[in-house]
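For reference, the structure is listed below as structure tokens.
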């Protein structure tokens with residue numbers, strides 16, 4: 001009888017498990033169907049095929065998806081409470097039901113607000129009186145003609161700029177010509193005229209910011225309601241939860257601080273050369289005016305390369321000289337992935353993708369990779385130009401499509417991935433594309449560039465100083481002696497290519513943190529509604545070290561001039577990807593070099609990470625397949641551990657990648673006495689200011705932010721790497737010298753004994769005061785010198801306690 005009862009129970013359990021399995025099969029099929037409808041709607045919206053059909057499809061989709069998801073998640077919650085789900089089903093339930101819960105009318109309102117913001121961003125045109133020499137056809141306009149027309153327009157104005165004489169979206173005036181985002185973006189990279197750059201910067205923000213501000217607060221209110229309905233405090237908490245990283249804010253701040261010395265070095269060099277070009281409008285030590293940075297949004301500084309190294313390697317020009325078309329670019333992009341053993345693009349890709357504006361007059365051309373959730377239907381939408389930036393976008397987007405193809409076999413709920421990992425694949429591949437070897441393989445650099453050091457054989461002699469130029473900082477208490485006579489700093493071709501890469505990529509790190517740091521605060525309600533723009537620029541100052549070209553008001557909404565804000569897309573994924581892509585590439589490099597996926601330990605010292613050629617390495621493709629094919633079936637740390645033998649995000653590979661550049665930048669700084677960081681009175685780019693609005697220390701002569709607690713921020717290995725002592729040794733040493741420091745360093749009492757000791761240890765580790773100061777922002781070079789002197793004296797005072805001096809008798813025996 002007992003056996004019969006057990007058998008019946010087992011049968012019931014088995015039947016229950018089968019019922020649950022069938023339920024999840026049905027759920028996953030429905031997810032694929034809904035995702036396919038959503039993908040069609042999004043694609044049609046992007047190419048503006050049929051507005052009426054889009055609206056009808058959208059209303060059907062929203063209503064049915066919301067009702068189905070609500071019903072399904074209620075059912076899954078009951079099964080979850082009854083402990084009837086296995087591990088895979090638990091994860092599918094988590095992924096499906098973690099989203100904000102919208103009512104049907106809220107979803108429709110959200111879509112309309114999103115559409116209005118995107119429409120504003122894409123359709124804004126900035127129009128000024130037409131110069132006589134301009135052609136009527138917009139296709140025949142070039143940046144030089146546009147620049148000259150703007151100069152003529154500005155010369156007729158008593159002031160440098162008057163918005164009342166600008167026509168936004170004005171199609172009725174035959175005597176005006178209009179510029180869209182693409183035109184302004186190209187002009188921002190091309191022009192070196194300060195008044196033109198100022199006009200571009202202001203006009204774009206005037207055309208986008210105020211209209212988007214009108215919709216943005218309404219959109220956030222709708223999203224916050226839906227997020228709170230599912231247990232989140234606001235929509236920002238949901239955005240962070242998607243990444244499955246506890247304490248995401250803390251991690252981001254730690255990663256940012258780790259690259260800050262390198263960024264500050266680059267920032268200081270760029271500021272120095274901008275000051276040489278534009279004069280006093282660029283402060284010697286303060287923030288960089290953002291309109292001068294060669295980019296409409298201040299996150300890509302590569303157009304400034306020629307200011308630092310005149311007549312250098314021009315990859316864009318080389319592309320044009322080789323008569324590349326967008327077809328050449330996309331085929332070469334596909335070829336790199338093929339060389340790793342990854343699949344080719346499908347027939348549907350070539351049939352359905354859109355690469356040019358063509359007949360789609362209202363095409364939204366921002367690079368987009370689409371998974372249509374139909375067999376082999378993956379698409380790319382991008383109006384490609386012919387430049388390295390476009391080449392980068394193509395590799396990035398094809399990386400997304402490779403991801404789509406790799407996890408296409410997964411159940412519908414798992415056909416996605418952690419967004420930071422998704423943004424990483426194409427960028428990691430692009431690091432391999434810009435190695436000197438592959439650029440040579442593509443024909444973009446010749447053999448003489450590839451095989452020469454750049455010192456003897458190429459005319460890359462740089463940076464001649466004016467013997468009469470005063471390079472010291474007048475506001476600083478110490479005096480930097482100006483360099484007399486001709487000074488030359490040479491750069492290898494490797495350093496030149498790395499500089500171009502750094503100017504393009506490093507500024508994106510603080511920029512990407514800025515965008516979501518600001519929005520998280522906005523969502524939380526921690527920004528006063530009458531200080532929205534002021535707060536944005538305060539964070540930009542602290543994180544990026546930039547400022548607007550002139551005072552901005554609260555009628556402005558400058559964050560709205562950024563695509564991902566208008567598109568309402570989280571941005572922190574790109575911040576995390578900046579680190580993950582270098583981790584991934586370092587693994588690729590080791591596998592390509594050693595031919596073994598299980599290899600551990602560092603690369604040989606003879607192999608520079610930025611020169612590691614992975615083209616054709618099939619083992620690299622195996623790693624990528626392993627990582628991408630899992631989709632979202634596991635938490636990202638498990639996926640990373642399986643692919644890289646690591647389960648955390650680290651800044652070290654990024655720092656190793658740029659290490660050769662750090663040497664070059666340091667040579668520039670030393671040769672020209674370039675100020676690094678900021679004057680203490682400038683109050684910008686302090687390490688903790690943006691993260692802790694409190695914690696200000698008042699001293700007699702200055703105002704300092706409490707600095708990072710390096711002891712808790714860095715792991716044991718990171719700590720030893722930076723300071724050459726372990727944490728226990730530092731604690732013991734600090735205990736011994738603190739009484740002395742209180743006496744001998746009264747001038748620096750705003751700087752804690754711990755930071756005085758760590759700054760000194762960092763100085764002895766680096767053997768250079770400039771880089772030590774860059775590591776401890778807010779400490780001037782003069783203060784750092786005093787600190788090193790006083791701490792060294794305090795340590796020397798411990799000598800009698802730990803080193804026994806020989807007596808006269810002992811000395812005689814020794815002799």
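From the backbone N, Cα and C atoms, a Cβ is placed for every residue, glycine too.
423 is the residue from 334, 423 that TrEMBL records in the Zn(2+) 2 site together with 396, 400. Note: residue 397 (active site, proton acceptor 1) has non-local neighbours 367, 368, 369, 380, 382, 426, i.e. same-chain residues 6+ apart with C-beta under 8 A of its own C-beta. Sequence-ordered, the extra residues of this chain that approach the Zn(2+) 2 site, with Cβ no more than 8 Å from the Cβ center of 396, 400, 423, are 369, 397, 399, 422, 424, 425, 426, 427, 577. Each residue contributes its Cα atom, and for residue 564 (active site, proton donor 2) and residue 612 (disulfide bond) those atoms are 33 Å apart. Taking the Cα atom of each, residue 383 (disulfide bond) and residue 423 (Zn(2+) 2 binding site) are about 20 angstrom apart. Long-range neighbours of residue 423 (Zn(2+) 2 binding site) (same chain, six or more residues apart, CB within less than 8 Å of its CB): 396, 573, 574, 576, 577.
Looking only at Cα atoms, residue 400 (Zn(2+) 2 binding site) sits nearest to 365 among the disulfide-bonded residues 365, 589, 612.
Here the recorded positions are 396, 400, 564; the one with the fewest Cβ atoms within 10 Å of its Cβ is 564.
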